[in-house]
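As recorded in TrEMBL, the features of this protein are as follows:
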DOMAIN    11-144  domain 'EamA'
TRANSMEM  12-34  transmembrane segment
TRANSMEM  40-59  transmembrane segment
TRANSMEM  71-92  transmembrane segment
TRANSMEM  104-121  transmembrane segment
DOMAIN    153-290  domain 'EamA'
TRANSMEM  184-203  transmembrane segment
TRANSMEM  215-236  transmembrane segment
TRANSMEM  248-267  transmembrane segment
TRANSMEM  273-291  transmembrane segment
Amino acid sequence: MKNKSSNSVSLGYFLVVADMFVYGLFPVFAHKFSYTMNPLLFAGLAMLVGSLPFTILLVKQKKFSIMYSTSYLKPLLMIALLTALGSIAFFSGTRLTSGINTGLIIQIEPVYSVILSAVLLHEVIKKDQLLSTIIMVSGAMVVAYKGFSAVNIGDLLLVTVPLFFQLSHVIMKRILVTLKDPNFIIVSRLLYGGLIVTIVALISNPADITQLSSFNNLFNIVIFGLIFRAFDFFLWHQGLARLPLSKASAILPLSVAISFLGSILILKEIPSTNQYLGLLLIGGGMLWLTLQHFKVTNVRPVVNFRKLKKWK
């Protein structure tokens, strides 16, 4: 039984690490596509596309009725609402700032994870955890700060994004105790959340529906939805279902480097001194926090991929 539990935790680490590659490129392509059409309409429809594989699976398994059952509807809608708010803040914010800033600022999610774990889950915050989160917050401030007279609203919106998602993770962890199957959470995020974002987009700019007449826009929505919504949520939720919240959120340093390099290579952005310093502080703080979790759980970081199967 203990070995089975250990294998489940190990698989959880592998899934979350794999997701960091997808998650790292998510802000890069989100920033790129946010300029091609209404960013909220793009976000909402991409979420709906991403929900299709999981919705079909639940229907095939004759479980979809649980999505609107009185026992689970309220928490599922809360998760969807928080996901929608995070998506609205993210896609509105990324269009107002750079791809590099987008990728760096949303990486402060472990900061909210530590705070919420202490406040809501009553976990003890250790000295090293506190110091590492302070370093990450400092990094985000360095990236976003351009003088008080030139505060970028996009950067401020991005700072709120991880909070919305971390709050939804807390609800998710509680509901999974009885619901078990993470696919219900994914469908609530992408289907219900996608409907909310799409409705907001169409109410605010009804005429933008004509943007869907473009084949390129439709193609981008489908590809983004399947890769950066469906596949991303599959990896993350399958991993999170097997790991404690704080440990799952700690495996994020890899995505920082991928996002930073993606902005340079794909978006052709040139990093500023502030952004390099922010990368160092955020990445360093995240790495420190991650090593703390590996030390506590006696799980060693994966560096030898030939031994990955054995480690699992």
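Cβ from N, Cα, C; glycine included.
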Helix, strand, coil residue numbers for the domain 'EamA' (11-144) per DSSP? 111 helix, 0 strand, 23 coil
Please count the residues of the domain 'EamA' (153-290) that DSSP assigns to helix (H, G, I), strand (E, B) and coil. 120 helix, 0 strand, 18 coil
Averaged pLDDT, computed only over the residues in the domain 'EamA' (11-144): 91
